[in-house]
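Quick notes on the structure that follows.
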Amino acid sequence: MSGADVVEAVFETVAGAAPEIRESLVGRRRYEAGENPSGEQQLAADVYADELFEERLLALDGVATYASEEREDVVEGADGDYHVALDPLDGSSNVKSNNAMGTIVGVFDAPLPAGGESLVAAAYVLYGPLTTMVTLREGTVTESVVHEGERHVGTADRSLPDEPTVYGFGGRVPAWTDAFADYASEVEQELKLRYGGAMIGDVNQVLTYGGVFAYPALTTHPNGKLRRQFEGIPIGAIVEAAGGASTDGERSLLATPPEDLHERTPVFVGNRSLIERAEATLSA
Ligand code: P6P
């Protein structure tokens, strides 16, 4: 299979699983005994989604390994040239409050952990009032509605609006650094707050309305909360391809390969002007 065929097969598999993932949430809102490698409690839904995606993605020709936010190590499959990094249910804590959450996918042509230079495709599924899927391949960002596991293209070439409208900043305000608090106080005067507690829902607002999403370095968590491999790189690539920008506070999220599969990074994505201001304020 060509690389394009493998990417399409990954996208089809993830979209195809969306109805089952939605259905699986019913009755799986309880926390399991275990924690994920980031030390976060796992919902039964997290474990179910992770096992479903592992089985189906490793069954694809060309997919050599599977890694997920929910498991310590990379899982070896059959021979292949591509490596899939997944956040099976990003924002799963939102299941209990019935708020939006998503699945994040990165397809790499190098063994994981791998950086932006090895990313060949990325996508996210947003389980909101509708199920939608945003995909990045060959530089183009496409948004589709997923109905009965099939993608129906809505916007063939999604790009950020030139004028930003919304912002969403994570972390508790008392834990914000002084520099980030200065940046936030400027942005709060200009944009509308949209923060839902699941990165995918908040990033999709930025992609739709323009603006900035950030989960910054905190005084309590100097590397922030989000994972570079599973969240920062694929989402940073999607927003950059849509005409926006990303940063970890110093440089594009695609510029620094993760040393550890589960390492955390500060994440800023959105309109380029807002990202540049963030870097300027944080480096002052
Ligand atoms: P907080 C969800 O757990 C997640 O990893 C991201 O999806 C989201 O942006 C962030 O954590 C929310 O964190 O501290 O607001 O609960």
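Glycine too: its Cβ is placed from the backbone N, Cα and C atoms.
Sequence annotations record features per position, and here TrEMBL assigns domain 'Fructose-1-6-bisphosphatase class I N-terminal' to 33-139.
The 10 Å shell around the Cβ of LEU89 (Mg(2+) 1 binding site) contains 33 further Cβ atoms across the protein chains shown. The Mg(2+) 1 binding site annotation in TrEMBL covers GLU69, ASP87, LEU89.
Around ASP90 (Mg(2+) 2 binding site), the same-chain residues at least 6 positions away in sequence with a Cβ under 8 Å from its Cβ are GLU69, MET101, GLY102, THR103, ILE104, TYR124, ALA198, MET199, ILE200, PHE230, GLU231. Per TrEMBL, Mg(2+) 2 binding site is recorded for ASP87, ASP90, GLU231.
Taking all protein chains in view, 15 other C-beta atoms sit within 10 angstroms of the C-beta of TYR195 (substrate binding site). Annotated substrate binding site per TrEMBL: ASP90, GLY91, SER92, SER93, TYR195, LYS225, in sequence order.
Across the range of the domain 'Fructose-1-6-bisphosphatase class 1 C-terminal' (160-281), the DSSP-based residue counts are 51 helix, 22 strand, 49 coil. The feature domain 'Fructose-1-6-bisphosphatase class 1 C-terminal' is assigned by TrEMBL to 160-281.
Neighbour density for SER93 (substrate binding site): within 10 A of its CB lie 17 other CB atoms from the protein chains shown.
Counting other C-beta atoms within 10 Å of each candidate's C-beta, the binding-site residues GLU69, ASP87, SER92, GLU231 are led by ASP87.
Under DSSP, SER92 (substrate binding site) is assigned to a helix (H, G or I) in the three-state scheme. Rounded to a whole value, the Cα-Cα separation of LYS225 (substrate binding site) and LEU89 (Mg(2+) 1 binding site) is 16 Å.
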